[in-house]
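J.: Not my notes, these are from Swiss-Prot:
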REGION    1-42  region 'Disordered'
COMPBIAS  26-35  compositional bias 'Basic residues'
MOD_RES   S61  phosphoserine
REGION    79-146  region 'Disordered'
COMPBIAS  86-97  compositional bias 'Basic and acidic residues'
COMPBIAS  100-112  compositional bias 'Low complexity'
COMPBIAS  113-138  compositional bias 'Basic residues'
MOD_RES   T138  phosphothreonine
MOD_RES   S140  phosphoserine
DOMAIN    161-477  domain 'Protein kinase'
BINDING   L167, G168, E169, G170, A171, F172, G173, K174, V175, K191  ATP binding site
ACT_SITE  D288  active site, proton acceptor
Amino acid sequence: MRHSKRTYCPDWDDKDWDYGKWRSSSSHKRRKRSHSSAQENKRCKYNHSKMCDSHYLESRSINEKDYHSRRYIDEYRNDYTQGCEPGHRQRDHESRYQNHSSKSSGRSGRSSYKSKHRIHHSTSHRRSHGKSHRRKRTRSVEDDEEGHLICQSGDVLSARYEIVDTLGEGAFGKVVECIDHKAGGRHVAVKIVKNVDRYCEAARSEIQVLEHLNTTDPNSTFRCVQMLEWFEHHGHICIVFELLGLSTYDFIKENGFLPFRLDHIRKMAYQICKSVNFLHSNKLTHTDLKPENILFVQSDYTEAYNPKIKRDERTLINPDIKVVDFGSATYDDEHHSTLVSTRHYRAPEVILALGWSQPCDVWSIGCILIEYYLGFTVFPTHDSKEHLAMMERILGPLPKHMIQKTRKRKYFHHDRLDWDEHSSAGRYVSRRCKPLKEFMLSQDVEHERLFDLIQKMLEYDPAKRITLREALKHPFFDLLKKSI
């Protein structure tokens, strides 16, 4: 029986080993990105006062080591069509994604038209182990000083799972790829949670959600990642999952931040909406939807030289996805934390502390879809007021009734956003953001339909925002339904 109030652990939302990050695809160190949930709230207490207008000096570069380094978007679509260097579209990562590296999935260093006939198979690789805060606890002889289980290839867990590789390691635990010797030698992913009370309790909360979803949908018809089982190993909770491909973010990153094809976006979007609608129908809100938490079932691709951008371009073979990371999922009747979602995908009602429910997931999906379409986020910021200013630049003014209702009065003056468009920050927002429809790369009817869907998902008022049940009937998916 699930608890009426879920245990909340700040590091749960900031874990740098969540399932979406296990299947990485780049050996390059990642830049920080905006904080998820409570970790961001905590750091804001110390860092908000440090923000000043000079921080937004236009001479700053993407390589600045400023704490508030942001993930930059392209100035305009020409930067994308002319084949901008990938670094200009690089995503800023938060602490939950620090120290993450892996081996590239077999790409040749030389462009070749012959490569269009070559199929590449994505592979996982060990992530580098970053520093984390030491915690007072009782350690077993098999734990390191931070609470990680000490293990290596060849070790066997629960007399069944033989470790063959470490896929990820972070503040919350580690993830290993294993051979399941009691299931015909299939490969699985096993999360090994730190032997620390608060982490174990948070893991139990996720297990409750996963058990509910797996019982309700045993065949994974609704594309939520399947938990195969869980067990305890010397004080560590271990969760066994099916092994999936790369996250959609990792695929974009490995592909030089080039966007997905429209037909792939259509299929991915439909599956995401169907999956999350399943959560909503079961009185759950995911609360942390983002490209990192959407994984391909298989991320194999073909590769061919694209003369327009003068580089190799990867094309997925199969765009089928699954939704992962239910550590922050919240039932309707449970306590709702004030701050949820990763910054770039955070709904306005969350920023304004107006309360949230399932519509905040719909907003996140809208942000995800435009990122799939462009290859970059349209909300590259770490600051709430600047985030609201970007929303207004892209979507128009915030509704007065939401402004009047919020207790975040510091963001407003006379029921308007307190924002100076002529300041350095204001010029930055004006330069980097533009009305939503101006991001369209084509006036084709299918592009129009996609942006109509995105606009309905990015409706400010959660009461007026399209539901996922309605979204699944949107004309953008008509071609998909005809092909079934």
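The backbone N, Cα and C atoms fix where each Cβ goes, and this holds for glycine too.
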J.: What does DSSP call V175 (ATP binding site) in the simple three-state scheme?
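T.: In the DSSP reduction, V175 (ATP binding site) maps to strand.
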J.: May I ask you to report the DSSP-based helix, strand or coil state of E169 (ATP binding site)?
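T.: Once the DSSP labels are grouped into three classes, E169 (ATP binding site) ends up as strand.
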J.: Rounded to an integer, what is the Cα-Cα distance in Å between G173 (ATP binding site) and D288 (active site, proton acceptor)?
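T.: Each residue's Cα considered, G173 (ATP binding site) and D288 (active site, proton acceptor) end up 19 Å apart.
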J.: Note the mean pLDDT of the domain 'Protein kinase' (161-477), expressed as a whole number.
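T.: Across the domain 'Protein kinase' (161-477), the average pLDDT comes out at 96.
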J.: Could you measure between V175 (ATP binding site) and D288 (active site, proton acceptor) for me? Cα positions, answer in whole angstrom.
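T.: The separation of the Cα atoms works out to 20 Å.
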J.: Rounded to the nearest angstrom, how far is the Cα of the residue listed as 'active site, proton acceptor' from the Cα of E169 (ATP binding site)?
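T.: Each residue's Cα considered, E169 (ATP binding site) and the residue listed as 'active site, proton acceptor' end up 20 Å apart.
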J.: What is the interatomic distance between the Cα atoms of A171 (ATP binding site) and D288 (active site, proton acceptor), given in whole Å?
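T.: About 18 Å separate the Cα atoms of these two residues.
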